[in-house]
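Colleague: Structure below; questions to follow.
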Amino acid sequence: MPAEVSLMVGADLDPGALATVRQVLLSAGAASIVTPEQATPAPGSLLVYVSSPKPGDQTDPAAAKALQALGAADPAGLPDGGYTLAAGQLPVAGGSYGAVVLAGVDGSGAFYAAQTLRQLLTQVPAGLGQGVGSHGVGGYGFPGLTVRDWPSGAPVRGTAESFYGTPWSSEQRLAMLDFLGRTKQNFFLYAPGDDPYRQDQWRTPYPADQLADLRALAERAAANHVTLGYAVAPSQNFCYSSAADVDALLAKLDGLRRLGFGAFQLQFDNVSFNDWHCGDDRDAFGSGPAGHAKAQAKLAAAVQTRLIAAHPELAALTVLPTEFHQQGATPYRKALAAALPQAVQVAWSGVGLIPGSITAAQTTDTSAVFNHPLVTMDNYPVNDSTPDRLYLGPYAGRAPEVASRSAMLLTAGMRQAAASQLPLATAADYAWNPTGYQAQASWQYALRELAAEAAPAGANDAGPALAALTALAGNSTSSPLSSTESGYLTPLISAFWTALQPTGGSIDLGKLQQAADPLRAAFATMAGAPDMLRGTDSGAAAGIGGSTLVAETSPWLSRLSDYGRAGEAALDMLLAQHKGDGATAWNSRVTLRQLRDRLAAAGPVTIGAGVLDPFLERATRAADSWSGVSAGAVAPTSTMGSANGHGPALMTDADAGSFYWSAAPPQPGDSVGVDLGDGRPVGTVTVTMGGSDGTATPGSDAAAAADDYLRDGVLEYSTGDGGWQQLAVAHQQKTVTATLPAGAVVRAIRLRATKAQQNAVAVRDFSVTAPDAPAMTVSGGPAAAPGSSAASMLDGDPDTAYRAAAPPTSADAPLTVELGSVRPLDRLTVLTDPTVHATATVAVRHADGSWVDVGTLHPGYNELPVGGQPTGAVRLTWQPGGDAPVVNQIVPWYADTPVARLSLADPELDVIAGAPTPAGTQAVVDALRPDGASGEIRASAPGGVSGITVTPAPAAGQTGAAVSAPRGGRGSTPVQVSAAAGTPSGTYQVPVDFTSGQVTLHQTLQVHVVPPTSGPDLAPTATASSSGDETPKFPASAVNDGDPATRWSSPAVDNAWVQLQLPQPTHLGEAVLHWQDAFAAAYQLQTSSDGVNWTTVATVANGKGGTETVRFDAPGAVYLRMQGVSRATKYGYSLYGIELYAVTDPTAAPTPPVPPVGVPTPVPTPGGVPSPSQSPSPSGSASPGPATPSPTPTAQPTAGPNPGPSPAPGPTAGAAAGH
């Protein structure tokens, strides 16, 4: 870029193109731009040619000659908006000069070429180009290239301001029009949901100030080659049969035309087919959907004839019909299509209000139904229905044909106009070239563009702004279009957990630090994001970067910053622990709790959903396990809401005077419960209901809720594998208590209603205890402050605390904790508030009653050695003069605690006889002592059975697999099982042992050996029937009709069933069940040869929903029945389909399996319950059983369709190449 540039312009120059080219040249360092009549190139000079002919005219001769010299093709023949841009060096006496040609096929093409020129501006290294820049050697310039480009998608592309809520300001709309021009979009629809002058007050003229804003909007739109559209929705008080109303509406639209609007849309989306706003309309058009369609078409015809046809400069009229998001032909759609003038366009949003995807077939079908030019109005990234969210991910899920088969493609901006530019820029790339669209590449470029504008004024480097914006957007990518959230962060989090909890061996601190560093950097960027965008100089804020974008996104930036600082604290906490620095770890734990409390108390703003909170929760639980409080806090849950001041946390606060109170009476399926996180052993559970025990003050909430308890329900627990196991039945009792099976590692417990009732539910206490946990008590002082309890320091929750009401004095009795039994105490951990200056002498009471001092308690983290002496109590004698003590937790570490806990991730395995690949699970070792646990895992094949092999297996001269679990952590190793061909079907017990020193822990793996299956799916040949269908819309025949969109649904009863009758007896070995969201928590597969006598061939006690593969061995089966046992939701059972496969005949030639029937992604049922997350299954200590196979195995469902040993691959979706 030399100091002076010659700008050669054609006769019909587009002013917008010229202005953009000048702006680009000046920003590149040109000090002077001259426009000579004749080109006079000289060595080192730069000549820029701009040609924008009128439609039908040829490229300016000078520009055409330069194109030829550069070897570039003329744009002639390209569609409207097409252009050729060429740049390169041309010879001249004494050297060479630079030439840049922007030749549009029309004015819009030249304008779009100028936008591409702006994108191509780059720094030229010293020694390249035609000369020196204006600031010394090197500078800015353009690469040598040729671009021949045109819109190959939708001819009309743009966005709509259509959300409900505070409309955009005039400044925001003007900035949006500039953005549309930069991104080669050419339409803006003015349709604010809360503009009364285009809806119920459509007859009322706009006030003078708003008319001035709209006029300025029209002028800016013209400068950016954008057609300004106006949507009117008069139906709330419009009389279609009234000539006066029609005249008034046309006068309104014509006034807007004179103001500069170039397109109009009639919106009928909020119309009720049951209502007319004047009696004459019913007489004129009839009733129902068809009558309304005729009325709407009559109005559209009047606008088309009297306004659109009379002014050829106007774009085509668009109608947004009442049924704009439905699928297929309906009476309304048919009537509307038949009555509308052919030139009128019809809009739709895809199938659904905000569809996750829009397919080519849906677009083609809808176009055929309406038989008019189709306008796609895509409701992305609009967020008025989810105001807590920013949708900043790229445009996705739309087939290329959606753009190419639409006369117009419009997106819908968010309430946050500047932030909307990020996803809207990617939609612009898609609409321009849908077959070459690359979502991620487009998104990355849009981030750089927006960051360059968002950088604080005066900033020399947009890098910090880009990092901040990438963090904000990267944690706001999930939307109705995509479930992916925080995609850049999740691999870093995964790598960190892998390093912190490695399989098998001990933690490598070097690798742990390497994994933590990039994650810390990401959290640091999140923490600093607001300052990176605002700048350190408060006066530097200007334009989008300094005000609009930051102001719009400030609540999300603040939350992002808090998450970043919480993430840093979490890493500090975990790294300090694994370096043995308990004090630093506890201080970081306190900081983390404060930040999490702040996040929980913040307004309704969501960011990093499903990623950031789970990371912080997992980090907290890992840290607490290291500190010895792996019992940890329980998270209360409820499906019934809460009355004011009576939230769920009050049923787990260890305070009998407080209680949770539901907002409404329970319905069947509603529940209250506790979430235990990653799972832990539980001995007993107790639920105490009713607001009081009868002693409450009359008129108080406690008295009002005294008789509010669950009349009929079941107490259940989950190990996290998808199902619920019943513990007890509750009937007309205020207190429900149950003991869990020995060895059960529990992730959640709930009390679920089985009947509706009129009373709400009040729960004073929902408590769980560890197996054989002694009852610890506390006494002494100072007395607890109001709202606090000394028992809080024994509740296994470091986030609660005993808070003394006053500083200690010499008159206070020592704070004494009775441990409940005398056991050898290895050490004592005491966690106190590090900011509270209170010290105490710590003593323990030996078995003989004597007290022995073991150390001094200081603020913060304390871990005091006790020496393994039998101890029955702990005493804290406070030193007078300090602050009022705050003790979060007292944790005794006993020397007789088992060194570890052994569990199996999957306690049951299906093993296919003769399969080339073994089946596997993980043997998991959780350290229970502060020194961690190291040892070996061994598995043994069942005795007396040939053909079953296991690893890791003990052998002569060979040890098992080494496993090391650090303090508070876990280690694991694979356990694999194979069965040779011909191994008898049945259930076998495989002992799995962990040996550490002289201690051996035992588990038993249940192995179900099943025969191999193959061949086609037999279900389509069967006849389906059921115990009952919910409605005729969901018949039993849907389970084998081959249609993945249909489903069977039962009434809401546990014992419902559906069955398939085959045409002849068959040796069945496998069933694949495709569940809708209403799945079975437990069910049986039964077979029969006559439909009367039934054999249970598989029992699934832990149904997970989705696609479940269940294997068994059932010769001679004619019937296969899914017999429900218990539902996972309050609804009945619902199945998209069942596949059946026969056992492979070892003497027959193999039959190639057919591809499985595709099953759609389940659509959430309103009010449905999501599937529980995956986790290790129950653990315990069991002895090896007999090797004799059981005739009826308990099935272990496998996720994913698997109709045979080698199913044919199905189609896979892939992104379009090119950009």
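Backbone N, Cα and C atoms are what each Cβ position is placed from, and that goes for glycine too.
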Colleague: Kindly point out the range from 624-654, 686-716, 779-809, 1089-1119 that TrEMBL annotates with region 'Disordered'.
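Modeller: In TrEMBL, the region 'Disordered' feature sits at 779-809.
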Colleague: Under TrEMBL, which of the candidate ranges 115-138, 475-498, 931-954, 955-978 is annotated region 'Disordered'?
Modeller: 955-978
Colleague: With a Cβ cut-off under 8 Å, give me the same-chain residues at least six positions beyond the ends of the region 'Disordered' (779-809) that come close to it.
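Modeller: For the region 'Disordered' (779-809), the sequence-distant neighbours (Cβ-Cβ under 8 Å, at least 6 residues beyond its ends) are 589, 593, 624, 627, 629, 631-634, 653-655, 815-818, 831, 833, 838, 875-876, 878-890.
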Colleague: Within the domain 'GH84' (155-435), what mean pLDDT does the predicted structure show?
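Modeller: Taking every residue in the domain 'GH84' (155-435) and averaging pLDDT yields 97.
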Colleague: Could you give me the DSSP helix, strand and coil counts for the domain 'F5/8 type C' (1009-1143)?
Modeller: 8 helix, 75 strand, 52 coil
